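Asks: Quick one: structure below, then a few questions.
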């Protein structure tokens with residue numbers, strides 16, 4: 001009986017470990033004007049490293065650093081403070097004006113690998129900061145296509161709508177996207193930037209037979225006290241998962257003022273089943 005109990009317990013532990021391994025944790029975080037000034041604040045950096053270490057891969061927006069040192073320093077500090085061994089890929093500088101931004105994906109290479117990176121060729125000038133994508137692969141060989149966007153607030157309706165064109169462009173060029181696509185980021189998809197009426201006419205929302213919105217309207221994704229769901233995850237219907245907002249102020253027991261020192265947004269997070 002004792003041997004049987006030990007065997008049964010071992011099986012259950014093995015199953016639990018397998019289930020855990022088959023759930024991919026993805027984050028998306030607009031870190032307000034991230035650069036060397038952010039990295040000069042030790043308390044903020046420590047909070048950021050704790051947030052980033054929650055995820056197997058996280059999409060970072062609003063990197064503004066002409067020295068190209070802040071992101072490397074952040075990931076290096078996280079690896080030292082949190083005992084991780086994360087790596088990153090970063091986009092080119094993007095934006096029509098002199099104020100350029102970069103995107104990045106920070107990830108755990110023990111959990112997944114980056115097969116390829118893709119900077120969308122915005123020949124039609126649809127985007128202020130064209131989407132940046134990665135194809136990721138887990139240790140079993142399964143792949144996901146991840147795309148990130150920080151939409152220009154005053155062009156949010158059009159930019160979100162054109163994400164369908166991004167998907168269709170890549171699906172005609174890259175078979176990996178048919179295994180599953182997740183687009184994420186600060187879409188500015190709420191408040192006075194996108195009305196309910198406008199939202200319902202956006203193709204990414206209209207085409208519910210193809211795409212699922214995982215952060216619902218009216219969910220607070222910013223530090224400001226409102227119900228504007230600016231930050232979103234949208235996936236093809238081939239992806240099984242759930243998403244939420246990470247209120248790090250509540251989790252880490254800090255004031256809203258301290259949270260605002262980190263960013264004016266909260267991270268959003270998604271769990272993908274079976275990956």
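Every residue, even glycine, has its Cβ placed from backbone N, Cα and C.
Pulled from TrEMBL, these are the listed features:
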type	residues	note
SIGNAL	1-21	signal peptide
DOMAIN	27-265	domain 'Endonuclease/exonuclease/phosphatase'
ACT_SITE	101	active site
ACT_SITE	150	active site
Asks: Three-state secondary structure of residue 101 (active site) from DSSP?
Replies: strand
Asks: Does residue 101 (active site) have same-chain partners at least 6 apart in sequence with Cβ under 8 Å from its own Cβ, and which are they?
Replies: 61, 62, 63, 64, 93, 94, 95, 129, 150
Asks: Give me the count of other Cβ atoms within 10 A of the Cβ belonging to residue 150 (active site).
Replies: 27
Asks: Mind looking up the mean pLDDT for the domain 'Endonuclease/exonuclease/phosphatase' (27-265) in the predicted model?
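Replies: The average pLDDT of the model in the domain 'Endonuclease/exonuclease/phosphatase' (27-265) works out to 97.
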Asks: Helix, strand or coil by DSSP: which one applies to residue 150 (active site)?
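Replies: Going by the DSSP assignment, residue 150 (active site) belongs to neither helix nor strand, so it counts as coil.
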